[in-house]
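Peer 1: Input: one structure, supplied below.
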Amino acid sequence: MALLYSLCCVSFSALVIVALYVSPVVSTSRRVLGDYGKLENGFRVTLKHVDSSKNLTKWERIQRGIKRGNHRLQRLNAMVLAASGDSAEVQAPIVAGNGEFLMDLSIGTPPNSYSAILDTGSDLIWTQCKPCTQCFDQSTPIFDPQKSSTFTKLSCSSDLCEALPQSTCSDGSCEYLYTYGDYSSTQGVMATETFKFDSVSVPNIGFGCGEDNEGDGFSQGSGLVGLGRGPLSLVSQLKEPKFSYCLTAMDETQKSLLLMGSIASANESLGEMRTTPLIRNPSQPSFYYLSLQGITVGSTRLPIKESTFALEDNGSGGVIIDSGTTITYLEQAAFGVLKKAFILEMKLPVDTLSSTGLDLCFTLPSGSTQVEVPKLVFHFDGADLDLPAENYMIADSSSRVICLAMGGSSGMSIFGNVQQQNMLVVHDLEKETVSFIQTQCQNI
């Protein structure tokens, strides 16, 4: 079974891939904070891609994202290896790639505006703070807690201090060290502050006031907002069990969205929703693990053992869904089978000369305006996700190639953000599920 691409050349040296499925949704209104720090309905925040302000073609953005994604894959695998006791296998140094999307927020009273990296692969919320012994350059002034009337240090006996993987006590205040599996880290004092997201102010958010912050991947923003499954994350602190995002394609002018609280699933009844359960990994409780049971290319279910994607007893392996990794990475044996299937189905010459950064590319016929590509279905537990073609094939008119936006991995597999674009991806921490609704982000 194949899909027909209608390819037309545009600026940015890219080829437009026609969307194959659009489901209607309606707008949701902004809400305000309710009593006792709980949100009545939640809030929405606009996201921007880390390269959105740069004068880059779509293809250049993809290549930069792939490089960051490779580093991020190494970092996430390093975290798993360290937690499983196989730290001897960790290669160092590893350059961190901490996310692909930025969110605007304000901290303190009076509020100071910042851009922070959105990360579904970690928990801690943090920003750089004065006095700074080791800080990277950022576009906005570093947060000065002495100028905020709502800044309060957390005690060593607080729940959030006890939830930290590494902490010490100094004069009754909680000090933290939070590492990201390589040489990237943030160190400082834990505190609470008033955060403002769009028009919604939320008091008493626990965060790290980082005075010693190291790692090249952090310089995209002024800190990081963790949206993992642990108690330190934003979604856990808000006591709102849901969040969702809709990520636009890299060449779209429309910005991506993050929805927190009950509005995260406000569009569930208006589109076809596919839901799969989350799996817990005790050694990495922050990650969103899914059960991938198989893959179909064209009309053929690939001969991949289901155990290929299984989470091992020592915490290794498995499949996570991650907004901060650009393309999908599959365990190497499975990716090899997938590549062979695409080579067989595409019926185009394999390109071996272009430096794309992707593992599998094909040469486009000269003067072609259409090309057939095979269907691609990910079979998650209870949810068959039939991807739109533009979510797994990327074409470049200048070099006349079309590439599979996926790669191989040794260790865990990652379902990346290109495969999630123009979907409402709902994370329900109470039900422990992830749901997918194919849509267009500008309609939400």
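One is the number of the first residue shown, and numbering goes on along the chain from there.
Note that Cβ sites are derived from N, Cα and C of the backbone, with glycine treated the same way.
According to TrEMBL, the feature domain 'Peptidase A1' maps to 101-437. According to TrEMBL, the active site annotation covers Asp119, Asp322.
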Peer 1: Just how many other Cβ atoms lie inside 10 Å of the Cβ on Asp322 (active site)?
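Peer 2: Cβ-Cβ neighbours of Asp322 (active site) within 10 Å number 26.
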Peer 1: For Asp119 (active site), list the number of other Cβ atoms lying within 10 Å of its Cβ atom.
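Peer 2: Step by step: centre on the Cβ of Asp119 (active site), count other Cβ atoms within 10 Å, giving 25.
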Peer 1: What's the CA-CA gap between Asp322 (active site) and Asp119 (active site) in angstrom, rounded?
Peer 2: 8
Peer 1: Find the average pLDDT over the domain 'Peptidase A1' (101-437) in the predicted model and report it.
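Peer 2: Here the mean pLDDT over the domain 'Peptidase A1' (101-437) amounts to 91.
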